[in-house]
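The NAD(+) binding site feature in TrEMBL is assigned to A:G107, A:V108, A:T109, A:G110, A:D111, A:T131, A:T132, A:K143, A:K152. According to TrEMBL, the feature Zn(2+) binding site maps to A:E185, A:H248, A:H265. For A:70-180, the entry in TrEMBL reads domain '3-dehydroquinate synthase N-terminal'. According to TrEMBL, the domain '3-dehydroquinate synthase C-terminal' annotation covers A:182-325.
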There are 2 protein chains.
Amino acid sequence: MDESLLIHSASHSYPVWIEDGIRHHTAELVRKAVPDYTKVFIIADENVGKLYIEDILSSFPAESRPDYTLLPAGEMSKSFAEYERLITECLQQGLDRKSVILAFGGGVTGDIAGFTAATYMRGIPFIQIPTTLLAHDSSVGGKTGINHPGAKNMVGAFHPPHGVIYDPEMLRTLPPEEWRSGYAEVVKHALISDKPFLNWLMENVQDLSLLQGERLKELLKKSIQVKADVVQKDERESGIRAYLNFGHTLGHALESYAGYGKLTHGEAVASGMIFAVRLSRAELNAALPENELRKYLASLGYRLDLEKEAEAVKLIQLMKKDKKTAGGRINFVLLEEVGRPVLKRAAEETLLHLLENEVAK
Amino acid sequence: MDESLLIHSASHSYPVWIEDGIRHHTAELVRKAVPDYTKVFIIADENVGKLYIEDILSSFPAESRPDYTLLPAGEMSKSFAEYERLITECLQQGLDRKSVILAFGGGVTGDIAGFTAATYMRGIPFIQIPTTLLAHDSSVGGKTGINHPGAKNMVGAFHPPHGVIYDPEMLRTLPPEEWRSGYAEVVKHALISDKPFLNWLMENVQDLSLLQGERLKELLKKSIQVKADVVQKDERESGIRAYLNFGHTLGHALESYAGYGKLTHGEAVASGMIFAVRLSRAELNAALPENELRKYLASLGYRLDLEKEAEAVKLIQLMKKDKKTAGGRINFVLLEEVGRPVLKRAAEETLLHLLENEVAK
């Protein structure tokens, strides 16, 4: 089976396979990604595990079926306690430096399983098997991590996977809010990279519940390619990787304000993107399709302008605490036009004004 | 102040300063190593902290003295709990991606402070201020980590420091066993790299308690250079970095067998080196100065042949559990001659035989 994409990281290149039903070929693909591995251990989200773990396991010959452990679903699993438990499991499994961890689930699973792989024996290979639309984004690029109570993703490592096995069939069981959560990142990738891709999305994706087959596969490939193009140029986020943060400065603050788990990531990012578009118009006089984008996102079911329900001063404090902040300055990714992101320090007064004032509809 | 050495890692180059009294210039050197840093936070070994923290602090202007936290002395500090506490401290200090952690102490402090720096916000700069002879080795090369109960250094990351500030004056308060522990690594560096260096040591270093001044500085520079030459060629231990493991395969097993903290690292490594020399003679017919080396190490106060006091079968089991083991094979670093290390898989029968049989003296 040929890979759909090949991604280059500083330490190695890795394949991304995207194909309906591909989970049934996991064993074969793991061997392709890490030819000389000694052992496989699976860390699986408990919900996904119930539905699909048998498909993964039965791709291996009966005598070499890997063991697995289930991770409670949800952001709470990205804890120090759970991390320590996973390291203990790796030890008990007797994993060595040539063993492979499979991260089977959404972003939470990928993050903590990836961080476990990044730090077990100072780093062993891992392979992502994403099971959500949102994880098309997080499975590529090498960010892994866990949460500190009150500070999301505050602990982590850059540790690119050795492969990504993406079977869109498993997305069918996702609830609508999970589709929206992931799709916000697809729209973000279009906004920061490519007007034709944005137009294609607006024309071809009008109901997320109908997204499947070739169209879904194409969309995933395209969206992952945008992410890959950026991280290949700047893996460790010293420069342009920050563009991927478009919509996320306010988005993260909204998530944090609501309390983690109350808003989906994509729901918060959608409001964050609209806000960044407004800020781009205000600061750069950029010609951006704000109304068109608003209508499109609203038609897909996104709630927008969530910042109107929050205290502006509090949101600004939260933005200052963001990892991307250095020396207390709030940097925003803005757009000069669709496909042309820039990084700009935002004045607090401007932010306050935009956060508090009515939105032109 | 010019650096004594400049070390190249995959991500950046960093200076090593070696000079008596240099701790009084810490502030200036930190600014040289990380010109645009936003904040400094010190993680200090409690014993060292009591003696020297004021010297470090007072090198900073009164209005920008960094905060610090003390780490209980000893290997037990390299725990998950202590790691989580340090991350919490970093958050409470408001460290951002451009902040610097100073690791002020021996190897334990460097390992856990380095791992904290490696994973806080996915990696911030840290600077080593080693206070033991042993830490001349660990402060260079980028290995950081903590222990799992029962498995030393099982969790970690490669994260080279941004600088090493080495003030040999602080070594004067070390007890004799700490001198021996560190000096074993100096001898190791000589054995794997350079016969003249080994001869120089044997001639010039006959009493560790007298080691100071220019001679100590030269020795440190030379020993660190050997380490640097190896890790610069193979940072992530895929090949020749394994040579640094000379004497450590059995050494680690001896430490583990005795229970961590019962033997110093160097004491175990000294026996491990003699064993590796014996194995090299047996397996490679290598012409090595075994008796000379034995006499030299014994004259410095090392206990040798510690494996004779342990069960051979247990030691072999422990060697199999070593991180460097893959697929259950025990790889040994042997010497074809002084300065010419090779990696070789050792047969269990040979090991058993050598572990159990009398030593030719």
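In case you wondered, yes, glycine gets a Cβ from its N, Cα and C as well.
Note: TrEMBL annotation is automatic and uncurated.
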Mean pLDDT across the domain '3-dehydroquinate synthase N-terminal' (A:70-180) comes out at 96
Listed binding-site residues A:E185, A:H248, A:H265; those within 10 A of A:K152 (NAD(+) binding site), CA to CA, turn out to be none
Rounded Cα distance in angstrom between A:E185 (Zn(2+) binding site) and A:T109 (NAD(+) binding site) is 18
Between the C-alpha atoms of A:G107 (NAD(+) binding site) and A:H265 (Zn(2+) binding site), the distance in angstrom, to the nearest integer, is 11
Simplified DSSP label at A:K152 (NAD(+) binding site) comes out strand
Note: in the chain of A:D111 (NAD(+) binding site), residues six or more apart in sequence with C-beta under 8 angstroms of its C-beta are A:K78, A:S138, A:K143, A:T144, A:G145, A:I146, A:N153, A:G156
Close in space but at least six residues away in sequence, with Cβ under 8 Å from that of A:T109 (NAD(+) binding site), the same-chain residues are A:I43, A:A44, A:D45, A:V48, A:L71, A:S77, A:A103
Quick note, A:H265 (Zn(2+) binding site) and A:T132 (NAD(+) binding site): C-alpha atoms separated, nearest Å, by 12
Filtered by Cβ under 8 Å and at least 6 apart in sequence, the residues in the chain of A:T132 (NAD(+) binding site) near it are A:G105, A:G106, A:G107, A:L171, A:L174, A:E178, A:S181, A:G182
Neighbouring CB atoms within 10 angstroms of the CB of A:H248 (Zn(2+) binding site), all protein chains considered, total 25
Once DSSP output is merged into helix, strand and coil, A:T109 (NAD(+) binding site) belongs to helix
Counting other C-beta atoms within 10 angstroms, the emptiest spot among the binding-site residues A:K152, A:H265 is A:K152
Those same-chain residues, other than A:E185, A:H248, A:H265, found with Cβ within 8 Å of the centroid of the Zn(2+)-site Cβ atoms are A:L134, A:D137, A:S181, A:A184, A:K188, A:G247, A:G251, A:G266, A:A268, A:V269, A:G272
